[in-house]
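Participant: For D40, the entry in TrEMBL reads active site, proton acceptor. What TrEMBL records for H68 is active site, proton donor. Among the features that TrEMBL reports, active site is placed at K171. The GTP binding site annotation in TrEMBL covers 39-45, 67-69, R334, 360-362, 442-445. What TrEMBL records for D40, G67 is Mg(2+) binding site. Annotated IMP binding site per TrEMBL: D40, E41, G42, K43, N65, A66, G67, H68, T160, R174, N253, T268, R332, in sequence order. Taken from TrEMBL, the feature substrate binding site applies to D40, V328, T329, T330, G331, R332, K333, R334. The region 'Disordered' annotation in TrEMBL covers 1-26.
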Amino acid sequence: MWKSPFYQKNSNQPAAAGQKRPRSDAGNKVTVVLGAQWGDEGKGKVVDLLATEADFVCRCQGGNNAGHTVVVDGKEYDFHLLPSGIINPKSISLIGNGVVIHLPGLFEEGDKNEKKGLKGWEKRLIVSDRAHLVFDFHQVVDGLQETERQAQEGKNIGTTKKGIGPAYSSKASRTGLRVCDLLGDFKDFSTRFKNLVQQYQSMYPSLTVDVEDQLKKLKEYAERLRPMVRDGVYYMYEALHGPPKKILVEGANAALLDIDFGTYPFVTSSNCTVGGACTGLGIPPMNIGDVFGVAKAYTTRVGIGAFPTEQLNAIGELLQTRGHEVGVTTGRKRRCGWLDLVIVRYAHMINGFTAIALTKLDILDVLDEIKVGVAYKLNGKRIPHFPANMDVLHKVEVEYETFPGWKTDTSAARKWNDLPAKAQNYIRFIENHIGVPIKWVGVGKSRECMIQMF
């Protein structure tokens, strides 16, 4: 039975007046996995590694704008909304209140992966009743806004057009609709849905929505969703304060795409730094345990925005082709450049990483020399911080450290000693420069290709 923390242990009596009440049990610690660059660092791989032992795997922010590819037994699964842990038949996957959910996308993704062999996922998925919904018209509006930006400013943001920004806008302007609304009085939901559509149509006169058809579909989704829905706050509290459990939080997007800390306005619309795990799931800060940052051995970026170490040359092309740098969600080619330790250090300042996973080291195997960005200069002077202003970021000059390439295939390495000395030096330099230990080094696509260091 659940006892209020105001009750004393081993006693059914409330603490006597004036007596110091016992501090309640801290509960289980949560492990958080976060992107340390602009996304696409291989977080799915790290989560997948940890998910094999996890009891719960949770998503706390973003929506189906995320794209995680996980390879198991030679099969590739693509996840956008579902936590990567859904592959593990022994763990529960939780979509938290901070996530925005496009129901057609959720079920389409589940069904598609089921055809590849993902069994029983609907029984392992829990959805918070406080999560906001992304509607089809949010996705249409996302496209309209991008077209408008292109026309007005000559540049867009490069969103995934999945309706994420507009859904978070509805949430912030208090007109959004949540899972609990959909599962409540449907008449009331329908009225609010119609009002929301009208609100968008007044802003975008070209927007057409077949309201009755949408409501009919939503009513069907509601019944399919109902068995998965729980009060997320209570569910999380019970998981934290029940028997010892391994709880994993899978961040989507990355630090430099964070709505507050990223390269604004070329960012996503949620907090993809560590605070998002607390607000997106209802977890107190004291229950945050390890925070693992994931960084690639080089840097990539999708869409527009400043990218100081970008290589618009043969190096950039080599990284793009060797690394198969194409977006999982959009199919866009990713921009590529040298590893930028200024941004990884900045991500660490915000997230307080306890360890780092360095991925895709094998992509650098063929290079004669490898550069690492270690500082930014402005007018010849080093700047001690990561600039907030995008015009400034466009103007910075990067100071590089140059390393000799190892010119050896590392893809078969399974332990630290299998790596060539020059690769080891490269890894140690990164570790010392950020001041965070590197716990994993990735040298390939599958689970086995993650070298665990400690």
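Here the Cβ of each residue, glycine as well, is placed from N, Cα and C on the backbone.
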Participant: What whole-number Å value do you get for the CA-CA distance of V443 (GTP binding site) and the residue listed as 'active site, proton acceptor'?
Facilitator: 15
Participant: In angstrom units, rounded to an integer, how far apart are the Cα atoms of G39 (GTP binding site) and G67 (Mg(2+) binding site)?
Facilitator: 9
Participant: What's the number of neighbouring CB atoms sitting within 10 A of the CB on G67 (Mg(2+) binding site)?
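Facilitator: Taking every protein chain into account, the count is 19.
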Participant: Output the one of K45, H68, K171, R332 that, of all these recorded positions, has the highest number of other Cβ atoms within 10 Å of its Cβ.
Facilitator: K45
Participant: Here's one to test understanding: among the recorded positions T160, K171, R334, whose C-alpha is closest in space to the C-alpha of K45 (GTP binding site)?
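Facilitator: Nearest by Cα distance to K45 (GTP binding site): R334.
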Participant: Please give me the recorded positions out of N65, G67, T160, K171 that lie within 10 Å of T330 (substrate binding site), comparing Cα atoms only.
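Facilitator: So the list is N65, G67, T160.
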Participant: For G67 (Mg(2+) binding site) and L361 (GTP binding site), determine the Cα separation and express it in whole Å.
Facilitator: 21
